[in-house]
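*Asks:* From TrEMBL, for reference:
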- C:SER64, C:ASN114, C:GLU158, C:ASN165, C:TYR189, C:TYR241, C:VAL259: substrate binding site (BINDING)
- C:315-385: domain 'STAS' (DOMAIN)
Protein chains: 4
Amino acid sequence: MALLVQEYLDRIRAEHADAADGALADYIPELARVDPAGFGVSLSSSDGFVYESGDAGVEFTIQSISKAFTYALALDRIGEVAVDARIGVEPSGEAFNEISVDETTRMPKNPMINAGAIAAVSLIPAGSADERFALIHDFYSACAGRRLDLDVDVYESEKATGSRNRAIAYMLQSFGVLDDDPDEVLDVYYRQCSLRVTTTDLARMAATLARGGSNPMTGRRVTTSAVVKRTLSVMVTCGMYDAAGDWVSAVGMPAKSGVGGGIVAVLPGQLGIGVYSPLLDDKGNSVRGVRLCRSLSEQLGLHFLAVSRESRAAMRAVYEPLEGVRVYETHGDLSFCGAEQVVRTVDREMRGFDVVILDVSRVDDIDDAARGLLSGMSKILRAQGKTGYVVDPGGIMTDTEAESDGVRFRTVDDAVAAASSR
Amino acid sequence: MALLVQEYLDRIRAEHADAADGALADYIPELARVDPAGFGVSLSSSDGFVYESGDAGVEFTIQSISKAFTYALALDRIGEVAVDARIGVEPSGEAFNEISVDETTRMPKNPMINAGAIAAVSLIPAGSADERFALIHDFYSACAGRRLDLDVDVYESEKATGSRNRAIAYMLQSFGVLDDDPDEVLDVYYRQCSLRVTTTDLARMAATLARGGSNPMTGRRVTTSAVVKRTLSVMVTCGMYDAAGDWVSAVGMPAKSGVGGGIVAVLPGQLGIGVYSPLLDDKGNSVRGVRLCRSLSEQLGLHFLAVSRESRAAMRAVYEPLEGVRVYETHGDLSFCGAEQVVRTVDREMRGFDVVILDVSRVDDIDDAARGLLSGMSKILRAQGKTGYVVDPGGIMTDTEAESDGVRFRTVDDAVAAASSR
Amino acid sequence: MALLVQEYLDRIRAEHADAADGALADYIPELARVDPAGFGVSLSSSDGFVYESGDAGVEFTIQSISKAFTYALALDRIGEVAVDARIGVEPSGEAFNEISVDETTRMPKNPMINAGAIAAVSLIPAGSADERFALIHDFYSACAGRRLDLDVDVYESEKATGSRNRAIAYMLQSFGVLDDDPDEVLDVYYRQCSLRVTTTDLARMAATLARGGSNPMTGRRVTTSAVVKRTLSVMVTCGMYDAAGDWVSAVGMPAKSGVGGGIVAVLPGQLGIGVYSPLLDDKGNSVRGVRLCRSLSEQLGLHFLAVSRESRAAMRAVYEPLEGVRVYETHGDLSFCGAEQVVRTVDREMRGFDVVILDVSRVDDIDDAARGLLSGMSKILRAQGKTGYVVDPGGIMTDTEAESDGVRFRTVDDAVAAASSR
Amino acid sequence: MALLVQEYLDRIRAEHADAADGALADYIPELARVDPAGFGVSLSSSDGFVYESGDAGVEFTIQSISKAFTYALALDRIGEVAVDARIGVEPSGEAFNEISVDETTRMPKNPMINAGAIAAVSLIPAGSADERFALIHDFYSACAGRRLDLDVDVYESEKATGSRNRAIAYMLQSFGVLDDDPDEVLDVYYRQCSLRVTTTDLARMAATLARGGSNPMTGRRVTTSAVVKRTLSVMVTCGMYDAAGDWVSAVGMPAKSGVGGGIVAVLPGQLGIGVYSPLLDDKGNSVRGVRLCRSLSEQLGLHFLAVSRESRAAMRAVYEPLEGVRVYETHGDLSFCGAEQVVRTVDREMRGFDVVILDVSRVDDIDDAARGLLSGMSKILRAQGKTGYVVDPGGIMTDTEAESDGVRFRTVDDAVAAASSR
């Protein structure tokens, strides 16, 4: 039944699949020769279930997406106060590779630009560059739920072409932001940027943040919810684009992109998303990746200012009034995430009963994405020889076929009666 | 039992009560002669329950807080596309009363600065200034759940001293942003700013946004969730301070302040907050109001990037295994909002039973604010002659007195057995 | 013999005559219907001699060029200290009609933008708007050396379309920069902008500044050299373009343009220049006017950082060693301005003698423009039946025909001997 | 008689001698341990005569003053077009050591900030760092008229502490502005900054610019007038302070300062000025040096927009109507520079005659500085047993003692008659 969500994902991805605008990053040969047609997306629910569409298995380098995670690691290791003494949290309004240091504080404006990211690397406490990279490597891998590999070619190319970053690192040293040797810090930074991920890795890393620091697949707590809250806060205002207002309005998910073509986006408490398409706009963001994030947000209602209340929805109670008859009582506002949870639960539990009664009588509101999922669920149940009833006195599922085939009831008792008299 | 939350609120307010820094607004005499000691706060839960502390009944003029609501009304009436054609959504980085028009688009940068707010007034479709104000007045009143009054003295003073706003209005006219007569638009704007509110009004207006556009007290749907989502998005990046990054990191609630001393803050899906203290900082924000918002966020865990997952917690099931014995099964992460919901439910239902069993065995995490509330609940139950048991196999309520007096059990069965053998 | 300079001027003007890019100002109908082909230039020497080329007699409205002169008048009337308390002297980096007020001082950044110009109008001490305009009108007319006329149509159109300027005026009032009624001040401002001038008027107004405040034609002292020094200083950094560095480097003359198509440029101590061509670039500067200024500076060596030393050149002594033989002894560096002075003096005095000996033996350096003028002079002398000798032991006039026809001598004595033996 | 100018200089220097505000540069130990009381000034006339006051013989490192001269050398060697392709000419509005690269062009904004200065070094064509430094060293020395020495300690300290400059150099490399090895370019830059000069050296270097590229002492042409014109243009808008408008208005001399405490200022065609006082303001400019420049400009009328016309003044003719009687005929406007020229000429020629007649009947205007000098001249002449007469029909020398002792005449003939009848 995961197929239902899958269909959504495939359809939204397909809307953008034909676009071919944008250009490959070309400052190093490794990035310039990837397949420009690559296009994948993965969604991880906060309990670790992953949907994939397109090139979700293709590996690419994480690049600047790493900034969010190294910042989280720095916060985890030395605490907010110590990190805040070296890196700000305000948008920079500048291109990602400018030297953006706050005039007054002499600190990088935020950890999502190179200056702040290099500073963040230097804040990871370690006795050597190798040890520092090992900590970073472990942290990313714990978020992804598997051991990530280093792309040695990319690492070496990055290192060979990095005069901009050397400029930044020396500037930071001159401002007293960087205590360690600039070249050693940069070496770790280049390694971190060269770790290879798939969109599914990114989705799991995002879901780890969405879950407040626990990897939903492995169950391992990677960092604290306080670290995650701060990291997501900074992603909101500094993660994507200069135009933070537009991103918050239109997408409403903390996010971070990389020139490798990846984007990670987090719907706190709900979802982790990973996207890949290596054709970049002139700001270095994946062209199709950005569009896909917008479409996902719009069509699935994934916006952090919208989901909170709806997230209380989903299942209020589950019970079996009769042998073989199971009632799923939902309430609140039903949006994509809630409906996905219902659908997947039913899917998982379907084997043990014959009749599923979906009670939406306490649901206040339902959006199209949720209605589509639940409506699809009835259809699949029937296809598998089960009976699916809907208790919908207010007709909020109207316009769906549920209504048309006599499976809609005004009360649970009516539905149970119908079930018992089958 | 609302007393428990009340105590939290009183204590946090008391932390800031003695502060006397900041200054009254003095550009009009009416603002300069209010009582500088005034200090109140109100919280409305998303289901309409209101907590008050301090001068929650004192009326003051809404001033710039109105900007958020007129923007919402404009979105409601003419739609996002039409509003976006006249008002941007990006932070301006400028003081609230500067003429801040985007160089490229020639539009006000956002609706939270005067330029954008004046433009928003002009977008409310109406045949006359009076009609336009009536629509605004009705909308605010519907959000607050009562008819708001106009402070005629403030209105007339504002009107008499407004050369800055006339400058802004003429500038907007010259850029083609303002179609109507500048002086007529300003007249409506001054009236809107001069509406009188209490912190409880603000809390209800905020809760209406927190609820996605339905007033939790009256149940009336005031606007759509899409309008609310957009309004809150803009409040996130443009509502308070130039330093959006700091506000998002430290407070994490869309908010808006006014020179009358008020601040409105919204925890989407959860809470509406209204604060009042007329002593302002040099940016025109209430000094104690800002501090109170920070403390509320920190101490009660009210942060929009933190609550989502926790909000799914609270009650998973409520049932009565025995006559007079009621089990409240909680799950997920328990934070202030979830615990408040539990406490208030128990309070409401307490009369009909003797034993309350709070089952936290499925709770993943609990913060101090929630632990304090639940621990306080046990105490009050006992004080009223009831019995309060806690099922807490993992000891997450440890450090509370619950443990010390033999009311802690490993399973619900154990607790029920104990209850039946009393 | 003025023909020599005339030829230069005509030739340089001709280089740009065919250009037709740019667009007429169209914010009022009067500006939109002028002849786009109009193109004139006038040069006034600091002693009042005027050269004209092209449409030097066409009248157009002075527009923003007026800003420089009203600023001068304000300085003249109330002094630098009082003016500096209301108007800054720093470049604004903004378009001419933006509201550009310094964030810290709350004053217009400089008098060459609208905000500063409107403030300057308000600083002219007068009992009424009419009196104020009369002072301005008198001042401009005294600089031009004739009574300037008001273009009533332009004035009325400007007044009818001025919401931008009303915005600016109200903003200034709100900052305490403008004491008087904004609309009355604007009325004077629109009248000042609507005064009609020709390029010859502009050249004379410029020459009045070049002469330190004395009109070279009328001999009347219009203002003090201190006022002129300050006015020219501000024109250097704020007069033309945002790109002050480029203008100073490439043109090197304090200048000011107007949307009427005029440009005024001053070579301190030397020349006043007026240019007219109504096709404007996107910053509102005359396209051909700007190019002409560049060419004049390059080809005639008119740059305020170049002329100083050369200006000491020109005639060191004039004497008649024999009846009918006159020696013009020049020294220093000879550039256009010095050579022009020599040529014009010879022209004026030519009637009384038969032989002119030009002694360049003390000249250190000579540029092409000067060499061309002096060489041309010899030719004309001969054409009028006079004899022109050059004393040029170092051969600095080489490459000219002077050398080729046996009129070049090593010493004045040799030349005088030759003259006496004719 | 040079004493007269000397007195002016001493008096103006004395006005600021007691000031002790500001702080020594302390980023390297060598700068932190110089005598903070050091305070000297030198003036070189454009014909090479030098006045000195205070610590004019103390050597200090040239530091950023070098930027102007290396820029001139780059222009001299590869031409404006090639230099303009790498370094802009616009003010940066930023502190001297920020990385200030134009967003659009990716070039340093101007050659007076570190980024532009480092780029300028790299543009000097040479086969090695040593050769490049040799060219720079030779050029500076030719401007100063003596071989300048390198302060090896400062050079080594600069080199050891230069992470900011390494940042800048790597940034330039990344933008394609710097072709050579960053560290080699910086090595030359540090050497150039560590050359030792006195205020007299600076005055001579400035006078070389004032003379259009010829060293007035040695007579050697060091560069072309076109190079000088461009260099001075850039010094006008970018040389001192962010506040170019204020510097042009108040001082009106192209200038450049260094953290060694020196300032060089140029009055084109007239004077070169060198100042030294190592106590710096927070922008790195010499506190007393800046004040001294302002006072010199105000009190001696040294402003590049004021001198041009006056510079034509000074001596129009010198002749001896009688044996032992010499007439100095002056004309135009008499300011400090012209009067200084007169005074020094008389001083030099005094031996051969008994009566000096100063004819000011053709002088249009005279300022206080000039009046003081000429008045002082009469006094000194008399003190040496000579007779000094003034022909001053208009009484422009009034208020001086000249009038009081019967040495003032209406015509030269009257004065000559008086001289012959002594």
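Quick reminder: no glycine exception, Cβ is built from N, Cα and C everywhere.
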*Asks:* Tell me, if you would, which residue among C:SER64, C:ASN114, C:ASN165 (binding-site residues) has the fewest other CB atoms within 10 Å in the structure shown?
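*Replies:* Result for the binding-site residues C:SER64, C:ASN114, C:ASN165: minimum number of other Cβ atoms within 10 Å at C:SER64.
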*Asks:* Can you name the residues of this chain that are 6 or more positions from C:GLU158 (substrate binding site) yet have a C-beta less than 8 Å from its C-beta?
*Replies:* C:ILE28, C:TYR190, C:CYS193, C:SER194
*Asks:* Count the other Cβ atoms sitting within 10 Å of the Cβ of C:TYR189 (substrate binding site), across every protein chain shown.
*Replies:* 30
*Asks:* Around C:VAL259 (substrate binding site), which residues of its chain at least 6 apart sit with Cβ under 8 Å of its Cβ?
*Replies:* C:ALA25, C:LEU31, C:GLN63, C:SER64, C:LEU280, C:GLY284
*Asks:* When DSSP states are folded down to helix, strand and coil, where does C:TYR189 (substrate binding site) land?
*Replies:* helix
*Asks:* Give the mean pLDDT for the domain 'STAS' (C:315-385) on the 0 to 100 scale.
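*Replies:* Mean pLDDT across the domain 'STAS' (C:315-385) comes out at 80.
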*Asks:* Per DSSP, how many helix, strand and coil residues does the domain 'STAS' (C:315-385) have?
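*Replies:* Output for the domain 'STAS' (C:315-385) reads 33 helix, 30 strand, 8 coil.
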